[in-house]
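I have placed the structure first, in the form of structure tokens, so that the comments after it can refer back to it.
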């Protein structure tokens, strides 16, 4: 599995005047992706992700990071003896979901962050690490789980079946569809699974980003026709997120679009009364 972000040049296409005006508006506002989704409307009503348990499977977060107000737990499932994020990927993803820095706001700043370190500094991981971490996520009753990772290992049945177990326990799993576009048949696992919200990326002209994977899932074959993936798309170009220790930076990729959707999901979940969330 991998979680690379692809930096691509942004090309303006032939657009109408109204489309160009909207594109200019997006280009001006894109540093605050939350404003593009109207998150502030829910903030004004008091919904900020409070009491939503968000599992981030990635490269960890610093315990004392100033961008986060509610880091509940950090766990390490790798063979490296550190709890810190030395790559910055996990910190960035968490920032998009729940950061509170004015330069790179997240969607749900009061979300309870549970950081699962499942990748080493060399970007290495193993199925067994994920299985153990998934079991723990089930045991502590997570609400939402973000995987800004993906791979072509859809035949890794222990992993695939554990993902089914995660969703069967009413944990909403959000996962990046992959950066292997523009060809079809490039879906990454686990975002290609039927009960996982597979997230693709779009640019600021609302076109599918060239890097975003796409295609038909094969899980229903031969008794069905598969389904089109990704399930949803979100802005995945030059999104602002948190750096390892302080400050903000921009990244592009479906692993950026995935926490955008996960952050929105946390906001929506926080609207539901806490004692009814698992029922729904």
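Glycine is no exception: its Cβ is also placed from the backbone N, Cα and C atoms.
What TrEMBL records for 58 (among others) is active site, charge relay system.
Annotation comment: TrEMBL describes 89 (among others) as active site, charge relay system.
Under the heading active site, charge relay system, TrEMBL lists 255 (among others).
According to TrEMBL, the domain 'Peptidase S8/S53' annotation covers 49-274. Mean per-residue pLDDT, taken over the domain 'Peptidase S8/S53' (49-274), amounts to 93.
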Q. Between residue 58 (active site, charge relay system) and residue 89 (active site, charge relay system), what C-alpha distance do you get in Å?
A. 7
